[in-house]
Amino acid sequence: MTENRSRANIFIEQNRFSYIDILRGIGIFFVVLGHIYYNDVAYRWIYSFHMPLFFFAAGWVYKEKPIRDDIKKRLQTIVRPYFCFGMATILYWQLFEKSFRSADISFIQAIEGLVSGMYEHLSFNVHLWFLPCFFIVTVLFNALVRIGKKYRYDLSFPVILCMSAIYIFVGLPSLPWGIDKAFGYILFYKIGSFFSLSKADKRLQAHSISYQRVCIVFLLTMSFFFSYCSINQGIMWYVTAMLGIVSAWIFSVLLHKNRILEYLGKISLVILCVHGPVYRILIKVVSILLCWSTDAVRENFILSLLLTVLTLALCGICFQIIKRFFPWCIGRQRKKAVV
């Protein structure tokens with residue numbers, strides 16, 4: 001009886017996480033589209049929520065761990081991929097892209113940038129900034145929860161509010177490993193954790209499908225309006241971001257199952273790390289075939305959409321190759337052959 005109940009709980013938990021994978025899949029789709037498509041309105045809307053979404057999703061699946069165990073796991077699943085993909089793209093940059101990209105940095109400067117984890121020093125693969133920042137957020141949040149539990153007081157809430165206030169009202173200089181950005185993004189992690197603990201998904205599912213659809217349309221409209229009018233500074237950055245995040249979250253819960261988006265969500269870390277070189281090569285190839293400038297290709301929505309889909313497909317192939325031959329790069333162990 002206990003075993004059946006345990007299996008049922010695991011099944012329910014997997015179903016809950018399936019739409020978090022869908023949410024991540026939606027997020028990584030917009031990350032790639034936002035990097036390919038040249039359009040100011042689309043840029044402002046996508047950038048208003050696409051990165052906070054990943055912190056929210058990670059907060060949703062957060063589980064408390066001993067601080068040492070958590071750091072060990074995060075080093076394996078975040079820091080190791082950061083340096084592996086960082087070194088791979090530095091070599092690619094030096095051998096191929098450096099000759100036709102505007103940024104001119106030496107091999108040593110690229111290594112220094114990788115070690116610093118600072119956005120402005122990662123021009124060889126600027127998208128990597130997310131990983132060190134994400135590491136800081138996850139480790140700090142778990143430490144706050146553990147320390148607070150020891151003293152029977154929720155430290156995470158007041159500390160994170162103070163960090164957010166500093167980020168909004170005081171501002172911070174650029175710091176190594178995205179520590180300055182962590183001050184802003186950690187609140188989304190906390191909100192995701194709160195949504196999960198309060199069973200927000202169950203409360204949402206208690207409402208009709210029509211109600212959920214109306215919520216999606218309303219929140220998306222407000223999200224687009226705020227970003228279009230540039231009402232996304234200071235505290236409104238959090239409001240605008242949450243409008244986009246919650247609309248995507250409701251859509252994920254409503255959709256519930258989608259193999260493609262779930263798969264993209266599960267491999268979103270690899271996509272984030274490798275999609276830059278992939279889409280730049282594709283854009284160049286298409287521009288040559290059509291005899292268009294690369295800017296003209298990127299200003300065309302249909303072409304940008306097709307390039308986004310193709311980029312994601314190629315990143316999926318990259319993931320399979322990495323999983324098969326270099327699993328340690330993404331924090332996995334090579335499967336031992338059964339004798």
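For all residues, glycine too, the Cβ spot is worked out from N, Cα and C.
Per TrEMBL, domain 'Acyltransferase 3' is recorded for 18-318.
Non-local neighbours of the transmembrane segment (21-38) in the same chain are 46-47, 50-51, 53-54, 56-57, 127, 248-249, 251-252, 255-258, 260-266, 268, 271-272, 275-276, 279, 283, 295, 298-299, 301, 304-305, 307-308, 311-312; each lies 6+ residues outside the stretch with a CB under 8 Å from one of its CB atoms. The feature transmembrane segment is assigned by TrEMBL to 21-38 (among others).
Nonlocal intrachain contacts for the transmembrane segment (44-62), taken as residues 6+ away from its ends with a CB within less than 8 angstroms of a stretch CB, comprise 17, 20, 23-24, 26-27, 30-31, 33-34, 130, 134, 137-138, 141-142, 185-186, 188-196, 223-224, 226-228, 230, 232, 237, 240-245, 248-249, 268. Marked as transmembrane segment by TrEMBL: 44-62 (among others).
Sequence-distant contacts of the transmembrane segment (78-96) (same chain, at least 6 residues past either end, Cβ-Cβ under 8 Å): 107, 110-111, 114, 117, 124-125, 128, 131-132, 134-135, 138, 269-270, 273-274, 276-277, 326, 328-331. What TrEMBL records for 78-96 (among others) is transmembrane segment.
For 126-145 (among others), the entry in TrEMBL reads transmembrane segment.
Annotated transmembrane segment per TrEMBL: 157-176 (among others), in sequence order.
Beyond the transmembrane segment (182-198), the same-chain residues lying 6 or more positions past its ends with a Cβ under 8 Å from any Cβ of the stretch are 51-53, 55-62, 133, 136-138, 140-141, 156-157, 160-161, 163-164, 166-168, 172, 237-238, 241-242, 245, 249. Per TrEMBL, transmembrane segment is recorded for 182-198 (among others).
Taken from TrEMBL, the feature transmembrane segment applies to 210-229 (among others).
Only residues 6 or more beyond the boundaries of the transmembrane segment (235-255), in the same chain, are considered here, and those with a CB under 8 A from a CB of the stretch are 19-20, 22-23, 26-27, 45, 48-50, 52-53, 56, 164, 168, 184, 187-188, 191, 195, 201, 204-205, 209, 212-213, 215-216, 219-220, 222-223, 226-227, 261. The annotation transmembrane segment is assigned in TrEMBL to 235-255 (among others).
Per TrEMBL, transmembrane segment is recorded for 267-290 (among others).
For 302-326 (among others), the entry in TrEMBL reads transmembrane segment.
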Within-chain partners of the transmembrane segment (267-290) [C-beta distance under 8 Å, separation at least 6 from its ends]: 24-25, 27-28, 31-32, 35-36, 54, 81, 85, 89, 92, 97, 125-128, 130-131, 296-298, 303, 307-308, 310-312, 314-316, 318-319, 322, 330
